[in-house]
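In what follows, a structure is listed as structure tokens, so that the remarks can point back to it.
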Amino acid sequence: MATNTKMETFVITGMTCANCSARIEKELNEQPGVMSATVNLATEKASVKYTDTTTERLIKSVENIGYGAILYDEAHKQKIAEEKQTYLRKMKFDLIFSAILTLPLMLAMIAMMLGSHGPIVSFFHLSLVQLLFALPVQFYVGWRFYKGAYHALKTKAPNMDVLVAIGTSAAFALSIYNGFFPSHSHDLYFESSSMIITLILLGKYLEHTAKSKTGDAIKQMMSLQTKTAQVLRDGKEETIAIDEVMIDDILVIRPGEQVPTDGRIIAGTSALDESMLTGESVPVEKKEKDMVFGGTINTNGLIQIQVSQIGKDTVLAQIIQMVEDAQGSKAPIQQIADKISGIFVPIVLFLALVTLLVTGWLTKDWQLALLHSVSVLVIACPCALGLATPTAIMVGTGVGAHNGILIKGGEALEGAAHLNSIILDKTGTITQGRPEVTDVIGPKEIISLFYSLEHASEHPLGKAIVAYGAKVGAKTQPITDFVAHPGAGISGTINGVHYFAGTRKRLAEMNLSFDEFQEQALELEQAGKTVMFLANEEQVLGMIAVADQIKEDAKQAIEQLQQKGVDVFMVTGDNQRAAQAIGKQVGIDSDHIFAEVLPEEKANYVEKLQKAGKKVGMVGDGINDAPALALADVGIAMGSGTDIAMETADVTLMNSHLTSINQMISLSAATLKKIKQNLFWAFIYNTIGIPFAAFGFLNPIIAGGAMAFSSISVLLNSLSLNRKTIK
């Protein structure tokens, strides 16, 4: 019995650090029926692949460990957006409230340190006054940390909340002890506990604000989705909500208006700005029968379209979904941070205890020892580790989408930086994929025979012959016993005679001589044209030559890759001479050209290079490229290709420009560099900060501030990718 596998995304609330996301991920993966689950701290989302369970059970499992979960679908998106705004407003209010109460305590402390002992300063140094100001900060504003710490300890997965709760509580408790039960010390630390909470809350608020900017690419794409459409019904034009548009509706789109949804032009011509989908700045000319896509802009002509796709099935919706999935995925390099985050908080708790005991034993000043210990607790930051990789991936995939490069996940984004070999399919990748008949050699009737045979073919060369036949007025004849021979040609019976159309290799297998056409065929192939022969069971009757224009940017793109040290190969089912001619024109070495390759053999060449230690990227656009795309380290599909190719590939180039391959590698390298910088900063910050705190070089307030802003530095570094021009 077939298993019904589902994939759902949930928005997770209540996470504060990498330990939270790791705990939720572990809990989801332990649920019966769950095949895999990943939780992303930066996007605050969980992606769950499951069979025998329900979304309600999954949500309940998250709630049971102290977090919130909401199914991320169309029905809940508005609610999720509203709850996020409410949460941010509440956090902003708490931050302002906390700052108002903390500021007098801080100013009084600074004034006292500067030698001021006036009545106002003395008033704010009264134990009861400080307690009244610090109490709401500690237990109202800081309640979020206590709540988080409770759930973390309950599930035996201590997180940042535990560190903050213990650290600030220790400072607060010491202040109460000194203020109301004085022995030998009257020092109060209410300003320290309050300031730590205020600074950490400020850091969290800025972190949430910065994190929202990492998703700007998604927001920009979502803004392309129109709210209304002009529809023709019963001969009258009316405005309706986009949700009311149905397949086969006729929509009217005026110059300057956005296309509401995908459809085919049935009246009018225009040029459409597709830059938001493809990154291509030049408007694309469109005429009747051409497809247009939702979110694109009609620049000059009035057009009518017949709707073909709506809602989540439109190209724009699928692109948004692909980018969201990519931003929620994990790169292999993140495993380092995940492993460290899992043991980070217990280690910090242990170091804080060691600091307390050793400092107290050496100095005999247990209050000083406690302050050193508090500094260790509040400076340690697992958040920076948790955000280092996902924030860079979010921004990197967003930059890619803006440039027409759709990267499906963190693994592909990281893997592209390591590519040192690229295999290019010829037809539709190096060439335009729109072959045309250039030469017909043989008696006139071969056009009709070719035309009849190729009518049933799906091959691009076959379609070129059919288009030529229609253009010259060829007549189709009834055909029986039609057979497609992958990589070789086609055959069928017409008027009782069995014919074959295809390659010379197939003719040789049939023991047919083509000496009569040998010289002309050689000349055509050396010019880079593909020659197809027509034969019956006795002799070769003639041949047709087909040429496909090389893409304008092909030579430049290949040169760019070679300058990067990437070996470029070409694979094609075409004959050796035609393949070498094309390869020479675009600058591919002759020994890097694989010709006369059957569709099922393309994957073999990928495997061969991989066995030689190469990191291989495969670029293709057809159904027969799918196995090779799947096997490659990074499969790259051209946006003009088949759905199967794009579904199999790790990356889709929406504009079909070969120069986008180089952009993809540059973007991948830049993103990986940011990830490494982020991880380095997070490691160094904790490696240096914790010893400094333990030895008393940082007081708790400075330690808390450093902790708060360490995450911000990681986010800002990731966001700097937005300013990078990828070439």
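Using the three backbone atoms N, Cα and C, a Cβ is placed for every residue, glycine included.
Just so it is clear, the model here is predicted, and its values are computed rather than measured.
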Are Arg57 and Ala632 on matching sides of the membrane - judged by whether Swiss-Prot gives them the same topological domain name? yes
Per DSSP, the topological domain 'Cytoplasmic' (1-94) contains 42 helix, 25 strand, 27 coil
Given the recorded positions Asp425, Asp625, which one is most crowded in terms of C-beta atoms within 10 angstroms? Asp625
Taking a Cβ cut-off under 8 Å, which residues six or more beyond the ends of the transmembrane segment (188-203) line up next to it in the same chain? 91, 94-95, 98-99, 101-102, 105-106, 108-109, 125, 127, 130-131, 133-134, 137-138, 141-142, 145, 164, 167-169, 171-172, 174-175, 178-179, 371, 374, 378, 699-701, 703-705, 707-709, 711-712
How many whole Å apart are the CA atoms of Asp625 (Mg(2+) binding site) and Asp425 (active site, 4-aspartylphosphate intermediate)? 8
Of the stretches 95-115, 162-181, 376-396, which racks up the most C-beta pairs under 8 Å with the transmembrane segment (679-698)? 376-396
Among the binding-site residues listed here (Cys17, Cys20, Asp621), which has the Cα closest to the Cα of Asp425 (active site, 4-aspartylphosphate intermediate)? Asp621
Are there three or more C-beta pairs under 8 angstroms joining the transmembrane segment (162-181) and the transmembrane segment (342-362), sequence spacing 6 or more? yes
Measure from the Cβ of Cys20 (Cu(+) binding site) and count the other Cβ atoms within 10 Å, all protein chains considered. 28
